[in-house]
Amino acid sequence: MKIIMLGAPGAGKGTQAKMISKKYEIPHISTGDIFRANIKEGTELGKKAKEYMDQGLLVPDELTVDLVVDRLQKEDCKNGFILDGFPRTIAQAEALKNANQSLDFAIDVNVPDENIISRMEGRRACVGCGATYHVVYNPTKVEGICDACGKELILRDDDKPETVKKRLDVYHDQTQPLIDYYANVGILKTVDGTQDMEDVFNAIVTILGA
Ligand code: ADP
Ligand code: ADP
Ligand code: ZN
């Protein structure tokens, strides 16, 4: 099963993609996670990507497309994958099509802008394993400490309200057009992302099939 997740920053793509990955035993591929890993390791790609990410802008397609296309060639993607955060532009969607990746589902996790700011302000990410929590909606057992690995949690730089506003503008401008794009392809499925995490997941499972 080849799936992509669409939705605004903070809509819950990553949260759902991790659950889908586990249930359907397909790799979860997040371009945001790949860029953050590169930043942490101090690679050339990480340095370049950071300049854009810190401003709430998209990393240019030239730095993003090959990375994903190469990743999808790996053995573990043979039976499918769940892409989270890619494609984010029409050009990226076209590149995916040209790489002969015929997708089964494009799932749009729909959350209005009003809900996004509070989601992002409360999001916390683990510095160790990248797990994501929310101070209200998905808190850790011990405040500020990752349940999975025991390392410290941080608020991502790009989750501060000023940057989130910019990211939402960029989303509406460059990524939202993909909703019509995949509706035309005939694989778009929309779920109400304002529900509880488990209810969003159940709606997705209904679409994908148990
Ligand atoms: P979120 O899950 O909150 O939407 P991500 O972790 O997916 O955030 O992405 C963080 C940042 O990484 C984005 O704001 C953007 O700068 C960059 N990024 C991630 N995926 C892409 C992509 N497909 N194309 C361009 N930039 C990307
Ligand atoms: P995205 O990958 O789309 O940027 P995340 O999955 O990281 O979004 O979720 C953004 C924040 O909102 C996280 O702190 C997460 O724990 C929380 N969150 C995710 N789904 C829900 C939900 N259905 N209800 C409330 N909070 C949620
Ligand atoms: Zn952790």
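Heads up, the Cβ atoms here are built off N, Cα and C, so glycines get one too.
Sequence annotations record features per position, and here TrEMBL assigns ATP binding site to Gly10, Ala11, Gly12, Lys13, Gly14, Thr15, Arg123, Thr132, Tyr133, Gln195. A coil conformation is recorded for Gly10 (ATP binding site) in the three-state DSSP classification, outside any helix or strand.
Within the chain carrying the region 'NMP' (30-59), a Cβ under 8 angstroms from the stretch's Cβ atoms is held by residues 14, 17, 67-68, 71, 83-86, 88-89, 130, 157-158, 163-167, 170, 174, all 6 or more beyond its ends. Taken from TrEMBL, the feature region 'NMP' applies to 30-59.
In the structure as shown, the Cβ atom of Arg156 (AMP binding site) sits within 10 Å of 16 other Cβ atoms. The feature AMP binding site is assigned by TrEMBL to Thr31, Arg36, Leu57, Leu58, Val59, Gly85, Phe86, Pro87, Arg88, Gln92, Arg156, Arg167.
Shown for the region 'LID' (122-159): DSSP residue counts in helix, strand and coil, namely 4 helix, 12 strand, 22 coil. Annotation source TrEMBL lists region 'LID' at 122-159.
Mean predicted confidence for the domain 'Adenylate kinase active site lid' (123-158): the pLDDT average there is 95. The domain 'Adenylate kinase active site lid' feature in TrEMBL is assigned to 123-158.
Look at TrEMBL and you will find Cys126, Cys129, Cys146, Cys149 tagged as Zn(2+) binding site. Under a cutoff of 8 A between CB atoms, and with a sequence separation of 6+ in the same chain, the neighbours of Cys146 (Zn(2+) binding site) are Cys126, Gly128, Cys129, Ala131, Tyr133, Thr140, Glu152, Leu153.
The two recorded residues, Gly10 (ATP binding site) and Cys149 (Zn(2+) binding site), show a Cα separation of 23 Å.
Checking the binding-site residues Phe86, Cys129, Cys146, Cys149 for a CB within less than 6 Å of any atom of ligand 3 leaves Cys129, Cys146, Cys149, listed in sequence order. Taken residue by residue, the region 'NMP' (30-59) breaks down under DSSP into 21 helix, 1 strand, 8 coil. Among the binding-site residues Gly10, Gly12, Gly14, Arg123, Cys129, Cys149, the ones whose Cβ sits under 6 Å from an atom of ligand 2 are, in sequence order, Gly10, Gly12, Gly14, Arg123.
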